[in-house]
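S.K.: My questions all concern the structure below.
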Amino acid sequence: MFQPAGHGQDWAMEGPRDGLKKERLVDDRHDSGLDSMKDEEYEQMVKELREIRLQPQEAPLAAEPWKQQLTEDGDSFLHLAIIHEEKPLTMEVIGQVKGDLAFLNFQNNLQQTPLHLAVITNQPGIAEALLKAGCDPELRDFRGNTPLHLACEQGCLASVAVLTQTCTPQHLHSVLQATNYNGHTCLHLASIHGYLAIVEHLVTLGADVNAQEPCNGRTALHLAVDLQNPDLVSLLLKCGADVNRVTYQGYSPYQLTWGRPSTRIQQQLGQLTLENLQMLPESEDEESYDTESEFTEDELPYDDCVFGGQRLTL
């Protein structure tokens with residue numbers, strides 16, 4: 001499996017999160033499919049494809065044998081062409097299978113479609129071709145991420161632009177509302193990783209700036225406070241974030257500033273927050289808040305890339 005490349009974050013903290021991160025990196029070491037097919041077998045598939053020049057009326061699409069071949073990871077020939085970044089070959093395959101939605105949207109063992117892999121490998125041109133050929137941008141991988149979730153997580157503005165401009169308005173509306181299996185929308189992921197341009201772009205497209213995580217009710221503004229990102233706080237306020245929206249435990253973004261180092265964030269929110277949502281309950285102390293801000297795996301940044309079970313240093 002391909003994993004998004006790491007993006008070092010200033011907000012990374014030591015402590016319990018380190019243990020979570022190590023466990024997550026171990027769990028995420030999946031085979032990418034690169035080593036599951038021998039070079040000779042891959043070259044033979046390439047040769048067979050290049051020899052195919054039949055018109056649709058001469059043979060149905062399903063009759064082409066290379067479409068039926070899968071690796072042990074469930075990768076199709078199109079998956080492999082994208083993984084290996086064989087762009088001319090990938091475009092040729094897409095051209096031949098245009099309209100064959102079952103093949104274009106086929107998901108490997110990790111539930112990744114060719115569109116997911118185009119985003120992971122940072123090939124926005126391929127992603128655009130796949131969308132125009134009929135790929136479904138709403139399909140999710142094994143973590144519940146759509147391709148747009150991955151693009152926001154990686155901070156690839158070019159892929160975000162392709163995915164939001166090429167899909168239909170109906171698809172776009174659904175994807176912007178969709179949450180992955182950690183309860184995060186695309187806006188949440190862009191906020192967590194501090195990609196301000198993507199945050200602003202998503203809100204402009206109609207993303208709900210006050211969307212709450214299903215598990216604890218944090219909004220993007222709560223996340224910005226948790227991650228101590230004053231620039232993100234400013235942007236979210238500019239985009240209409242509700243400073244008085246509380247989590248399911250009743251905490252406003254301002255209340256999360258207690259015990260945090262950024263006085264700038266506290267000043268920003270203090271001017272706008274209702275008085276009764278500024279002080280912590282008398283029965284609470286600053287340490288009791290720790291249960292509110294447990295980090296999910298989405299908030300632990302990728303810092304490695306795994307190919308065939310081997311970690312690469314970027």
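Quick reminder: no glycine exception, Cβ is built from N, Cα and C everywhere.
From Swiss-Prot, here are the annotated features:
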type	residues	note
CROSSLNK	K21	ubiquitin cross-link
CROSSLNK	K21	SUMO cross-link
CROSSLNK	K22	ubiquitin cross-link
REGION	1-40	region 'Disordered'
REPEAT	73-103	repeat 'ANK 1'
REPEAT	110-139	repeat 'ANK 2'
REPEAT	143-172	repeat 'ANK 3'
REPEAT	182-211	repeat 'ANK 4'
REPEAT	216-245	repeat 'ANK 5'
MOTIF	30-36	motif 'Destruction motif'
MOTIF	45-54	motif 'Nuclear export signal'
MOTIF	110-120	motif 'Nuclear import signal'
S.K.: Let me spell it out: take the motif 'Nuclear import signal' (110-120), skip the flanking residues so only those 6+ beyond its ends count, and list any with a Cβ under 8 Å from a Cβ in it.
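M.R.: Beyond its ends, the motif 'Nuclear import signal' (110-120) has Cβ neighbours at 1-4, 30, 73-74, 76, 78-79, 82-83, 104, 126-127, 130-131, 135-137, 139-142, 145, 147, 150-151, 154, 156, 159, 163.
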S.K.: By DSSP, what is the split of the repeat 'ANK 4' (182-211) into helix, strand and coil residues?
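M.R.: Residue counts for the repeat 'ANK 4' (182-211) by secondary structure: 17 helix, 0 strand, 13 coil.
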S.K.: Hey, which bits of the same chain come close to the repeat 'ANK 4' (182-211), Cβ under 8 Å, at least six residues off its ends?
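M.R.: Sequence-distant neighbours of the repeat 'ANK 4' (182-211): 7, 9, 11, 143-144, 146, 148-149, 152-153, 155, 157, 160-161, 164, 172-173, 175-176, 219-221, 223-224, 227, 229, 231-232, 235-236, 239-242, 245, 296-299, 301.
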S.K.: Could you give me three numbers for the repeat 'ANK 2' (110-139), the DSSP helix, strand and coil residue counts?
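M.R.: DSSP classes over the repeat 'ANK 2' (110-139) add up to 17 helix, 0 strand, 13 coil.
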